[in-house]
Amino acid sequence: MGALVSTKDIMLILPELAVLVTAFLVLVVDAWGRNRESYLNILCAFGLAVAAYFNYQLFGDHGRAFAYMVLRDKLAFFANYLFIFCAFVTCFYARDYLVRENRNYGEFYGLVLFATVSMMFIASASHLVLFFLCLEIMSVCLYALAGFVRDRDLCVEAALKYFLMGAFSAGFSVVGMALIYASVGSLDIVKLVTAKPDLLFMIGLALFAVSFFFKLSAAPFHVWAPDVYQGSPAPVTGFMMTAAKAAIFVFVVRFFIDALGVNKALWINLVMFVSVVSMVIGNFAAIRQMDVKRLLAYSSIAHAGYAFVAVAAGTKLGATAVVYYAVAYCLMNLGAFAVISVLAGEGEKASDLESLQGVAVEHPVLAAAFSVFLFSLAGMPGTIGFMGKFYVFAAGLKSGLYWLVLFALINSAIAAYYYLKVVYYMFMRDPVSLPKVKVGVATGIVMLLLVVLVIRNGLAPNCLYSFIAASLP
């Protein structure tokens, strides 16, 4: 009998192991080290850099590991780059936030890294059980991060709501997997390609889909998102709104676009329904918001709707567009919440629009950076957000989803109003007394990097797009 775990299996998950070891080291150093705050950031950066190096070395490899539950291909390795980047950016600019709020470094970094490992395995999952386990591990980390500032009522409320709704959605996932197994006799994604669809399979698939619709805050499973995103610390909101959703979208590409084969027609109508409802609810609710974090929370619902246009296309072109849009979404929102973490001040008491009036007078660089991210979220030409929507809508048109693309274009135009409203408040309204804010070196570097990436990939998107297209099977 051969070994259950081979050397090749271990080699294929070296990036994940590097992040996992770093997470444990961070907790150990935080517990026993002296002057630990000064070098925990360096330890995180080094561990993530090692993970990125291993990922680079393995990028050309392809195979299945751990009893065929983990699939390593170029898509998985590309997704790893994205998660490592999101974790690096979050840990880097969160340092200034943690110093200002006088919070523990090690716990925060450890939770971010553990969540990152889970995301990396979600993107590589070739079995529904592995996906579910990693999804729940990631969720537990995010629950703790949402309530990280334990003496702030909104944070505690956010963590509690996220936990309760997450547990509720997990029930749907378990029941869905049970029905799929009863119908097909397997939870291996590859074997589901040739599955003969029956009523039991369709019901199981629909119930299983609820779990990732919930994590994507897609309507009508979105009710938790505004309160959770508003109440969580700004760096946490940026991380859970970007990396966590990107992981789910990669799995959607692998499972629903690549693996379902002849069964795609069973769920296309469901995806289109979710897309339409998400765009309508997200955009029209965002128009009414006066808190920037809550506004971006509702806008994230609409963005999930846009991405589902490409998912509904069910083609490789659509899959490429979904992954590109996920990358764009990460860059835009990480940048936006890096700015918010600074402007909101201590205790995040100034995240409403009234508090941001005239911020361009006192902090023109911050206002300009925030405007770039907002323009990109609105899909303005010259930004990565515009190219993301272009590829998504092109995939929809190529598949004949003309009415859905038209509907998305109309909603995108509506969304421009509330993004520009924030810019108007910053540049055109009279200043108010803002809390004293100081842009730390780490946060400033992150903002500059993200602004450059947003504009660069908006003006010259072919390099990133071609890389993503080549990574897909």
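Every residue, even glycine, has its Cβ placed from backbone N, Cα and C.
Curation does not apply to TrEMBL; its annotations are automatic.
According to TrEMBL, the feature transmembrane segment maps to 39-56, 76-94, 129-150, 162-184, 199-224, 236-260, 266-286, 295-315, 321-344, 365-388, 400-420, 441-459 (among others). The feature domain 'NADH:quinone oxidoreductase/Mrp antiporter transmembrane' is assigned by TrEMBL to 125-414.
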_With a cut-off of 8 Å between Cβ atoms, can you find at least three pairs linking the transmembrane segment (400-420) to the transmembrane segment (266-286)? Only pairs 6 or more residues apart in sequence count._
yes
*Residues sitting near the transmembrane segment (295-315): Cβ under 8 Å, six or more positions beyond its termini, same chain?*
216-219, 222, 225-226, 228-230, 237, 241, 245, 249, 252-253, 256-257, 264, 268, 271-272, 274-283, 285-286, 289, 321-322, 325-326, 329, 333, 336-337, 377, 389, 391-393, 395-396, 398-399, 401, 404-405, 408, 411-412, 415, 418-419, 422
*Report, as numbers and ranges, every residue of the chain located at least six residues beyond the transmembrane segment (266-286) whose Cβ falls under 8 Å of a Cβ in that stretch; write 'none' if there are none.*
197, 201-202, 205-206, 209, 213, 218-220, 222, 226, 256, 260, 295, 298-306, 308-309, 311-312, 314, 401, 404, 407-408, 411, 414-415, 418
*asked:* Out of 162-184, 321-344, 365-388, what stretch is closest in contact terms to the transmembrane segment (199-224), meaning most Cβ pairs under 8 angstroms?
replied: 162-184
_Can you tell me which parts of the same chain pack against the transmembrane segment (321-344), counting only residues 6+ beyond its ends and a CB-CB cutoff under 8 A?_
75, 78-79, 82, 85-86, 89-90, 93-94, 96-97, 233-235, 237-239, 241-243, 245-246, 249-250, 252-253, 257, 292-293, 296, 300, 303, 306-307, 310-311, 313, 350-351, 356, 359, 363, 366, 369-370, 372-374, 376-377, 384-385, 387-389, 391-392, 394-395, 434-435, 437-439, 443, 446-447, 450-451, 453-454, 457, 461, 464-465, 468, 471-472
*Go through the chain and flag residues at least 6 beyond the ends of the transmembrane segment (162-184) whose CB is under 8 A from any CB in it; none is fine as an answer.*
128-129, 132, 135-136, 139, 142-143, 146, 191-192, 195, 198, 200-201, 203-211, 214-215, 221, 223-224, 228
